[in-house]
Each structure stands twice: as C-alpha cells, then as structure tokens.
Amino acid sequence: MASVTLGSWIVVHHHNHHHPSSILTKSRSRSCPITLTKPISFRSKRTVSSSSSIVSSSVVTKEDNLRQSEPSSFDFMSYIITKAELVNKALDSAVPLREPLKIHEAMRYSLLAGGKRVRPVLCIAACELVGGEESTAMPAACAVEMIHTMSLIHDDLPCMDNDDLRRGKPTNHKVFGEDVAVLAGDALLSFAFEHLASATSSDVVSPVRVVRAVGELAKAIGTEGLVAGQVVDISSEGLDLNDVGLEHLEFIHLHKTAALLEASAVLGAIVGGGSDDEIERLRKFARCIGLLFQVVDDILDVTKSSKELGKTAGKDLIADKLTYPKIMGLEKSREFAEKLNREARDQLLGFDSDKVAPLLALANYIAYRQN
C-alpha cells in the first residue's frame, strides 16, 4: 500500500444502514498521507537532510527492517526524563490537595500516577522548536495532560472499556467508585482550560494566541476530535471485518488518539510564537505520530503481557474491537507503523537540526516503545 489518506469526506458503511457505526462524516481534513519516502538523517549542516543513516529495529518491524537514527550527541532518554519530571512538578503544583478532599484525591491519583508524558513533552518540544521557552509551554503542556488523564479515567469506566488496571495501578473507579471517577474526569477537563487561560504568561503570549490555543484544544476533544473517535469506536465492537476497512479504523484513531497529540504540538507552536507554516507542519507531524502511537499500541496489546504494559493486555481482542493487527495482520501493521514514522519525520525537514532532534527522537520513541 503506497498511500493511505483520509479525504475531507469519509464514508463508512455497514450492510445494515441503521447500525450506529454507519457514518457519513465530514472530517476536518484529519489525514496523514503515507507515502513511500526516503528516510532522513543528519549531516554536518544545521538542517535536516534527506539521506539516511539507519539501524535495525525489533519492535515495529522484523530485525531485517530498518529505521533512522538520531544524532549520537542527543540523549533522548535524559531529555524526556528531565522534561517529564518538570511536568510532574508542575502538575503537582497546579492540582494541590485541598477541599473537597475526595475529588482532589481522585484527580491527583490518576494525574500523578506516572505515565510517559508524551503529550506534554511534545508540547514543550514544539514550543522550543519555534523559538519559545519551556516555561512558556508548561501551562499548555499541563492542560493537555489533564485532558489526557480525564480521557483515561472515563475510558476505563464499566460503561466504556471496563478496565481494572491503568499505569500499573487499579483504575480510578476501582479506588474511588464510578461516581467520583466521573466527577474527577469532569473536573480535570474543566480545570485544563482554566489553567491554560490563567497560567499562560500574558507578558510572553498574546491574548490572541491564548484564545487560539483554547480553541484548538476544545476542538481536539469534542465532536471533531476525541469524542467523535470514541463514539465510532464503541459503535464498532463486534462488526464483521467484511463491513469495515482501514479508513474506518483510521477515522477512529485520527480522532480518538491523534487529535490530542496534534493539539499538543499545535499548542506548543502557538504559545511559542510559531508562524502559520510552522504550526501546520507540526500539526501534520503530530497527526502522523498520533496514528503511529495507536498502531504500536495495537501491536503491543497482542504481543506483550499485562505486567510488561502496566495495563490489561489483550483487552481489545477480548472486547472484539477493531485493531490494526485484526484488519491488516501483525506484519502489515508493523510495516504501516514504519511508514508513519518516516512520514512524520519528513514534516520536520528544514528545521534547525539541533532544535528538531527531540521531535525526531520522539517519533522513534513512539515507534519502538515496549509498553
């Protein structure tokens, strides 16, 4: 498959036209074109070039398949650990333990439970790429993590995925009850916008850019984003593979998973003072790694144990959900992930290679993660 693109109109049909999963939806061009492009690497100049240095991969592809390498001088693990620690401190400060204690305990339980912090790190890296400071991006970074945590709390509820384990710990509703878990998610959702609007420095970021950032975040989680993906996802359980295809699955995950990653990068670029061109290139980059994240997640769900993942393994298979391995097969899913990684990296061609290194490494981190 040389190209996989969702156009502005997406038609997904079922033989029974009254099935809730049947959709005729006008998308906001949430597409990530996948083409057979050449890998990229770094030369001595300060821009990203199109020739490559490659090493073997064992997660997304078989051992004989290839991937691109980052500059040997860039230590991505130190970078992401350092940034994640700063995000954790900022989140701890933003959501202190106060009255009513129970709701704040529930919010903090999931918000501070660890996790990769991919979304806030992406937000910070995008801000720094366009010339902004880490401190400028931190309120936006915290906001996207609050919303991500909300989505996990709600996703784990019995009425959704009915999961008992998240980030290696009992899920929120198992500890605090379903009623408080719902409210904790609601509180994180509303506070994310309050924090983004009030904590972003008005001395650095113009009100126009703050309003733009708020609008982007709201769109990413509503009926043009996360909610759209979730409702089509839960309506697709048990569908016959003959009735759905790759476009259907892409619609789900470009909205359910990629939309918030896209917002993370876009918010970072907006508050960092990025140009419209820089913002759109980072949008496309994040859209591709968002879809990549889900493809890899589906692969890990059928190849790793619950202990390795820190969450229940094989739950999508048990729930008869649509996944990339189910539709494409495991090997084709790995090949598709490799194409997504290359396409994402191509969006960063021409940026300063020193500043772009974290984002290139982040794409590979998502592609080759083990949990």
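Cβ coordinates are placed from backbone N, Cα and C, and glycine is handled just like the others.
Swiss-Prot lists 1-51 with the feature transit peptide.
Residues or ranges marked as Mg(2+) 1 binding site in Swiss-Prot (evidence: similarity to another entry): Asp155, Asp161. For the recorded site, Asp155 (Mg(2+) 1 binding site), the DSSP three-state label reads helix. A simple way to gauge crowding: the CB of Asp155 (Mg(2+) 1 binding site) has 18 other CB atoms within 10 angstroms, across all the protein chains here.
Summarising the annotation, Swiss-Prot assigns Mg(2+) 2 binding site to Asp155, Asp161 and lists similarity to another entry as the type of evidence. Take the CB of Asp161 (Mg(2+) 1 binding site) and look out to 10 A: across all protein chains shown you find 21 other CB atoms.
Annotated dimethylallyl diphosphate binding site per Swiss-Prot: Arg166, Lys256, Thr257, Gln294, Lys311, Lys321, in sequence order. Other Cβ atoms within 10 Å of the Cβ of Arg166 (dimethylallyl diphosphate binding site), summed over all protein chains shown, number 23.
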In three-state DSSP terms, Lys256 (dimethylallyl diphosphate binding site) is classed as helix
Determine the most Cβ-crowded residue among the binding-site residues Thr257, Gln294, using a 10 Å radius around each Cβ and all protein chains in the structure. Gln294
Integer Cα-Cα distance in angstrom, Arg166 (dimethylallyl diphosphate binding site) to Asp155 (Mg(2+) 1 binding site): 10
Can you figure out which of Lys256, Thr257, Gln294, Lys321 (the binding-site residues) comes closest in space to Asp161 (Mg(2+) 1 binding site), comparing Cα atoms? Lys321
